[in-house]
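Participant: As annotated by Swiss-Prot, signal peptide applies to 1-23. The disulfide bond annotation in Swiss-Prot covers 61-75, 68-81, 74-86. Look at Swiss-Prot and you will find 98 tagged as leucine amide, backed by similarity to another entry.
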């Protein structure tokens with residue numbers, strides 16, 4: 001294949017531009033380390049204690065409740081208590097089969 005002088009020149013310029021860009025990114029990383037990245041920002045964010053307490057409450061509820069006697073015993077995770085088991089309400093053919101099985 002024959003390439004024109006213009007296409008070779010453009011390819012060379014583009015390659016050099018990519019190397020310069022990668023060099024700038026690498027230089028920034030070498031100077032600042034992880035501090036310049038989004039991962040570092042996420043690690044440094046404070047923990048939302050209200051959300052953690054709510055999650056802990058749900059986990060405690062699930063671990064303390066082996067069976068259910070009413071919908072309230074399902075910890076709000078599934079809508080219905082069926083035959084002592086917290087089961088989601090599923091419609092259609094699958095729901096009918098699950099309903100008969102439970």
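Here the Cβ of each residue, glycine as well, is placed from N, Cα and C on the backbone.
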Participant: For the C-alpha pair, I'd like the distance in angstrom between residue 74 (disulfide bond) and residue 81 (disulfide bond), rounded off.
Facilitator: 7
Participant: I'd like the number of other C-beta atoms within 10 A of the C-beta of residue 74 (disulfide bond), please.
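Facilitator: Around residue 74 (disulfide bond), other Cβ atoms within 10 Å: 20.
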Participant: Hey, how far is residue 81 (disulfide bond) from residue 75 (disulfide bond), Cα to Cα, in Å?
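Facilitator: Roughly 10 Å, rounded to the nearest whole number.
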